[in-house]
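Right, one structure below, let's go through it.
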């Protein structure tokens, strides 16, 4: 310092330089949308407190209407203790100060929390105070205060502290955490969270390599969570609950049969029926639902980010939902077993022979396959041709199998009792009337329940569906990529030009071989695309190039 004071005097200031670290396009809008979706956003940064606060204001995380709790080590008392140089005293003093500040802020936050019209709360803490706040004796107080705040900003934190804060929320509050970063100092935080998202940028690929998902810009996080993440949650819930339902329905029909056999172990279904039920006859439709089902389009998912809260509350995979599926599985299994067994007790084939065990079980299994596949269509929010193909194909696959299985008899691993069963059944009027009435009776309860639920107790997405039911589907490729209203003017122009029709030349390989093609197509679509200098040069060269004379053949 003394040498600097000797050198840096009597100087003339010529100029000053500054480095601006601008936010990416769409970051404030993305953060505001995610906040509306019920996601609490914390900023863990290595910047100093003033810079972190300015960034938080730019990202709409902080505003002047918020009550801000600032816990900083830049106080007069801490500076005086640090000037003495006693490390033990410094640590003890800072820990006591942090404890006092946390207790004071927590008491004030609880007062605001119980008030009717209290302001939103925000916590701002620097790395030195955070180091002592993460002590086992204080971390519970820090966690309670943080959870009562709408926004949390931790500045001057190390990579280890980022991971510690993430683990504190993950294990202490038992919340689902997502960490997003673009640099090597974010790797530990990304790995500590449930879900890690890396941004591929100018700071290397370390964060991307350590993450679960990689995106190009921060604004794409809105599409990742509100569109694809939400669709994935709904699809998984439907797939899991439907698997539970269809297997419970199939198994309970055999369970009711054991009461009439004295639990002797007699089978109700043939072995191949049981083996192929989940592999062929009911497998493909649920896969199609897991791939293509969606309740609302991508633009509506981003227009109504509050729909994401249904996933936070786990509305589609709670015990009540599972119990409803189980109830209808029990009801349908009773319909399948008792309707078929009672109605077939006096039925007989075209030869006058009474129906036996394998006739009844084959009839019941046919009703099960048809009903559970049709039930899947009732839970779909969007039905495509693939749904019809998969459901119809599964039912057709069952009939093709039973035609072959019943019509071919071999001495190896065969049940002679199943021979010719389906042909005997289909030769009677009983088969067709049962195949019509049993699925209708089994699905009647589901139909009434879904109608009452949608009319009187609708989910949020069902309300949005009714509001926009007359609008065209907005799930085009352009909207899925999030390029409809998030591009800068230059990016929008580049994208528009990339969608122009291209006519490849067979001679040169250039996309627009003839000069002026690009400008012509762009003008047709209302996109400004000035002619390039090389287009003018190429046009001039084409005009000045003489045509070759044909060779004479003697």
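All positions are counted from 1 along the displayed chain.
Any Cβ shown, glycine's included, is placed from N, Cα and C.
Marked as ATP binding site by TrEMBL: 45, 46, 47, 156, 162, 185, 186. Taking the Cβ of residue 45 (ATP binding site) as reference, residues of its chain lying under 8 Å away and at least six apart in sequence are, in sequence order, 51, 52, 55, 153, 154, 155, 157.
Residues or ranges marked as Mg(2+) binding site in TrEMBL: 182, 186. Sequence-distant contacts (6 or more apart, same chain, Cβ under 8 Å) of residue 182 (Mg(2+) binding site) comprise 198, 199, 200, 201, 203, 207.
Marked as domain 'P-type ATPase C-terminal' by TrEMBL: 208-458. Summarising model confidence by region, the domain 'P-type ATPase C-terminal' (208-458) averages a pLDDT of 88.
If you look up TrEMBL, you'll see 239-260 (among others) marked as transmembrane segment. Using a Cβ-Cβ cut-off under 8 Å and counting only residues 6 or more beyond its ends in the same chain, the transmembrane segment (239-260) has close neighbours at 266-269, 277-278, 282, 286, 289-290, 317, 321-322, 325-326, 328-330, 332-334, 336-338, 364, 368, 371-372, 375-376, 379.
Marked as transmembrane segment by TrEMBL: 272-292 (among others).
Per TrEMBL, the feature transmembrane segment maps to 319-340 (among others).
Residues annotated as transmembrane segment in TrEMBL: 355-374 (among others). Beyond its flanks by at least six residues, the transmembrane segment (355-374) meets 245-246, 249-250, 253, 268-270, 273, 277, 281-282, 285, 332, 336-337, 340-341, 344, 347-349, 391, 394-395, 398, 402, 415, 417-418, 421-422, 424-425, 431, 434-435, 438-439, 442-443 of its own chain at Cβ-Cβ distances under 8 Å.
Sequence-remote contacts of a segment are chain residues at least 6 beyond its ends whose Cβ falls under 8 Å from one of its Cβ atoms, and for the transmembrane segment (386-408) they are 272, 276, 280-285, 287-289, 292, 362, 366, 369-370, 373-374, 376-377, 380, 418-423. Sequence annotations record features per position, and here TrEMBL assigns transmembrane segment to 386-408 (among others).
The transmembrane segment annotation in TrEMBL covers 420-444 (among others).
With a cut-off of 8 Å between Cβ atoms, the residues of this chain six or more beyond the transmembrane segment (319-340) that come close are 237, 241-242, 244-246, 248-253, 255-257, 360, 363-364, 367-368, 371, 434, 437-438, 441-443, 445-446, 449. When the binding-site residues 156, 162 are compared by the number of other C-beta atoms lying within 10 angstroms of their own C-beta, 156 comes out lowest. Of all the binding-site residues listed here (47, 186), the one with the fewest other CB atoms within 10 A of its own CB is 47. Within 8 Å of the centroid defined by the CB atoms of 45, 46, 47, 156, 162, 185, 186, the record's ATP site, lie the Cβ atoms of 44, 155, 157, 158, 159, excluding the listed residues themselves. If you take the C-beta of residue 46 (ATP binding site) and look for same-chain residues 6 or more apart in sequence within under 8 angstroms, you find 127, 155, 156, 157, 158, 185.
Residue 185 (ATP binding site) counts 19 other C-beta atoms within 10 Å of its own C-beta, drawing on all protein chains shown.
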